Amino acid sequence: MKTVTVKDLVIGAGAPKIIVSLMAKDIARVKSEALAYREADFDILEWRVDHFADLSNVESVMAAAKILRETMPEKPLLFTFRSAKEGGEQAISTEAYIALNRAAIDSGLVDMIDLELFTGDDQVKETVAYAHAHDVKVVMSNHDFHKTPEAEEIIARLRKMQSFDADIPKIALMPQSTSDVLTLLTATLEMQEQYADRPIITMSMAKTGVISRLAGEVFGSAATFGAVKKASAPGQISVNDLRTVLTILHQA
């Protein structure tokens, strides 16, 4: 299993890493939330850019990114515009989505970008290559806030991300039952044991899926999302509680 190192953080070794999402809508809130987040116990800062109101002004977006970089210089920064179709706050064209991610890559301010698998194969491949040429890692993602597909389909999506040279494939699915959570965990384990040559991130959402956010080290998920303040997805738990449980499982 190949690990991914961002700054001094080795993803894919040891206990799952904790990612927190910052979802401020303007520069003033980016600044105040960044200061509040600075004291929290987490590993990776995800900036959910789809919550930022002034998206059309690239300078404003990058000014906000600069604040995050300067406030928490030691934390890996993951730049994420979550599309409306995958649970995000805003809908933008594919062209605008790619341009925004390329601007983030060009800025030199971000360590990783999130790229949605179903953006379009050619655009995804080109953007991965562009990111890698600028030493930016790619978390390739897929989210379904309605259902959990069969294990074979989950594995197929993760393998497709891997074939597109994602540094970290990621999938988040909504369970309709406890057995859906088992499906996600089964797929994670099979992917990790049989196909993955890099870290993967998987989760089953909502209260039903909470176990998947805690048991990554057992089944093969390299990171998990926690909440500093407001959860960015159903089922997230506080970073302090999360770290406690991850440490217990790691040391057992």
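Start at 1 and count along the chain as shown; that gives each residue its number.
Placed from the backbone N, Cα and C atoms, the Cβ positions cover glycine too.
Per Swiss-Prot, active site, proton donor/acceptor is recorded for H143, and the stated evidence type is sequence analysis. Around the Cβ of H143 (active site, proton donor/acceptor), the same chain contributes R82, E86, G87, E116, I171, A172, L173, each under 8 angstroms and 6 or more positions distant in sequence.
As annotated by Swiss-Prot, active site, schiff-base intermediate with substrate applies to K170, with the evidence given as sequence analysis. Counting only residues at least six positions away in the same chain, the Cβ atoms of D114, V139, M140, S141, N142, M161, I200, I201, T202 sit under 8 Å from the Cβ of K170 (active site, schiff-base intermediate with substrate).
The 3-dehydroquinate binding site annotation in Swiss-Prot covers S21, E46, W47, R48, R82, R213, S232, Q236. Sequence-distant neighbours of W47 (3-dehydroquinate binding site) (same chain, 6+ residues apart, CB-CB distance under 8 A): S21, L22, V30, A64, A65, L68, L77, L78, F79, T80, V110.
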Same-chain residues at least 6 apart in sequence whose Cβ lies under 8 Å from Q236 (3-dehydroquinate binding site):
R213, F225, G226, A227
What count of other C-beta atoms do you get within 10 angstroms of the C-beta of E46 (3-dehydroquinate binding site), across all chains shown?
22
